[in-house]
Amino acid sequence: MISRSCGRHANFRSSLSLFFLWQMTELVTSGNLTTVTEFLFSVFPHLPEGGVLFFVLLLLTYGFIVTGNLMIFILVRLDRALHTPMYFFISVLSFLEIWYTTTTIPKMLSSLISDHKTISVAGCLLQMYFFHSLGITEGCVLTAMAIDRYVAICRPLRYATIMTPRLCTQLATGSCVCGFLLVLPEIVWIATLPFCGSNQIRQIFCDFMPVLRLACTDTSLAVIVDAIHAGEIVASFLAIALSYIRIIVVILGMPSAEGRRKAFSTCAAHLAVFLLFFGSVAVMYLRFSATYSVFWDTAIAITFVILAPFLNPIIYSLRNKDMKDALGRLFCRRRRASGVGDRSRG
């Protein structure tokens with residue numbers, strides 16, 4: 001169900017790609033204004049400068065991200081004890097993290113070991129679209145998770161009647177629709193811009209501002225776009241922050257120390273992911289006219305492109321008793337099934 005609700009928005013990926021390719025072709029052939037047909041990632045080191053070392057580290061990190069998040073997704077699907085709203089949203093987040101990192105990291109890996117550290121204009125637009133669409137979707141899912149924890153702790157007697165499977169599915173589907181539609185107008189607008197002169201992107205992936213700086217036309221509309229993005233980020237942040245403030249107030253008012261400890265433990269993981277994700281996103285996108293050096297731009301980008309997805313499996317599995325118990329049950333079932341198969345063959 002998660003795959004259908006989120007994956008159906010990728011069905012138009014080929015038509016979107018054809019639109020971008022057609023648009024860029026029209027711009028190139030319409031005159032001498034547009035000469036750039038590909039962008040160059042100028043921040044990646046060459047092989048003699050440590051490219052292989054960074055490649056190995058990033059490859060191992062990417063493998064852990066995909067494996068860890070896929071394990072969480074499969075465990076939640078297979079173990080009935082995890083069929084709760086909280087773990088449903090965790091599995092949705094893990095599913096999104098796999099694709100979120102896949103939009104950027106494979107291209108980073110190829111840029112680290114290849115002499116051609118370029119990406120076509122159409123490929124750059126597609127990367128921006130899916131990266132930001134999935135990022136917005138994750139922000140919406142984190143908001144839904146905060147709502148779930150708020151109802152569980154502040155309205156425990158009504159939790160089962162409010163957080164129904166149908167509502168959870170609607171929230172997940174709505175998050176995907178919101179994420180994949182909100183960013184589409186900006187991508188279509190950028191696809192109409194002419195690019196000339198320098199083609200060097202001073203970032204580790206295609207992002208709005210580094211690409212817009214290369215356009216040889218007026219891009220003042222980007223200020224309005226930035227304000228819209230800022231509003232989206234602040235709205236999600238406030239919704240989640242207010243939910244957790246209310247949750248903390250309720251927890252502190254609990255008479256039982258054991259009850260307070262258990263309630264805090266269920267929210268700590270969500271709060272950590274929320275702070276890591278929104279903290280790095282806010283620093284990156286709520287700066288308006290402020291500028292950072294290339295080093296700090298890259299460091300901030302690594303935080304929410306690589307570090308946050310890397311820590312999610314650790315936070316939600318290695319430090320989660322329910323997940324560890326589910327993993328143990330899964331291995332026990334596999335071991336018993338293997339034993340029965342060996343005896344039947346014997």
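Any Cβ shown, glycine's included, is placed from N, Cα and C.
The signal peptide annotation in TrEMBL covers 1-30.
According to TrEMBL, the feature transmembrane segment maps to 54-76 (among others). Within the same chain, residues 2, 45, 82-83, 87-88, 90-91, 94-95, 97-98, 101-102, 105-106, 108-109, 112-113, 306, 309-310, 312-314, 316-317, 323, 326-327, 330 sit at least 6 positions outside the transmembrane segment (54-76) and bring their C-beta atoms closer than 8 Å to a C-beta of that stretch.
Positions annotated as domain 'G-protein coupled receptors family 1 profile' by TrEMBL: 68-316. Looking only at the domain 'G-protein coupled receptors family 1 profile' (68-316), the predicted model's pLDDT averages out at 88.
What TrEMBL lists as transmembrane segment is 88-109 (among others).
As annotated by TrEMBL, transmembrane segment applies to 129-147 (among others). Residues 6, 9-10, 13, 16, 86, 89-90, 92-93, 96-97, 99-100, 103-104, 168, 171-172, 174-176, 178-180, 182-184, 187, 205-208, 232-233, 236, 239-240, 243-244, 270, 273-274, 277-278, 281, 304 of the same chain sit 6 or more residues outside the transmembrane segment (129-147) yet have a Cβ under 8 Å from a Cβ within it.
Residues or ranges marked as transmembrane segment by TrEMBL: 167-191 (among others).
Positions annotated as transmembrane segment by TrEMBL: 233-255 (among others).
Taken from TrEMBL, the feature transmembrane segment applies to 267-288 (among others).
The annotation transmembrane segment is assigned in TrEMBL to 294-315 (among others).
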